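Asker: First the structure, which I've put down as structure tokens, then a few questions once you've had a look.
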Amino acid sequence: MMCSSKNLLLAALMSVLLLHFCSKSEASNFDCCLRYTERILHPSILVGFTQQLANEACDINAVVFYTRKKLAVCADPKKKWVKQVVHMLSQRVKRM
């Protein structure tokens with residue numbers, strides 16, 4: 001009976017440690033925008049975008065544009081040109 005309790009405790013401890021290390025590795029692999037580009041990007045070089053929200057993982061709100069050359073470029077979602085490009089890309093997707 002004593003051996004069974006020790007095994008159960010060991011299994012519970014190992015589970016907690018495994019969950020702890022898995023959650024740490026996911027957070028450290030997450031890329032966040034730390035600053036915005038100063039350049040205005042032309043929509044013809046862009047293939048898509050995502051939105052980054054400021055939360056416990058990332059410090060700033062951003063629109064992340066993806067280029068044909070597979071680059072990710074962070075832009076300020078408050079800028080007029082960013083809103084226009086997001087609208088254009090959204091319209092492009094709707095037409096597909």
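Keep in mind that glycine also has a Cβ here, set from the backbone N, Cα and C atoms.
This is the feature table in Swiss-Prot:
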type	residues	note
SIGNAL	1-26	signal peptide
DISULFID	CYS32-CYS58	disulfide bond
DISULFID	CYS33-CYS74	disulfide bond
Asker: Let's check the environment of CYS32 (disulfide bond): how many other CB atoms sit within 10 Å of its CB?
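Answerer: Excluding its own Cβ, the number within 10 Å is 14.
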Asker: Can you grab the distance from CYS32 (disulfide bond) over to CYS74 (disulfide bond)? Cα atoms, rounded to a whole Å.
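Answerer: On Cα coordinates alone, these residues lie 9 Å apart.
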Asker: Fewest other Cβ atoms within 10 Å: which of the disulfide-bonded residues CYS33, CYS58, CYS74 wins that one? Let me know.
Answerer: CYS58
Asker: Check CYS32 (disulfide bond) against DSSP and tell me helix, strand or coil, would you?
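Answerer: Its secondary structure by DSSP: coil.
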Asker: Roughly how many angstrom lie between the C-alpha atoms of CYS58 (disulfide bond) and CYS33 (disulfide bond)?
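Answerer: With distance taken Cα to Cα, CYS33 (disulfide bond) is 7 Å from CYS58 (disulfide bond).
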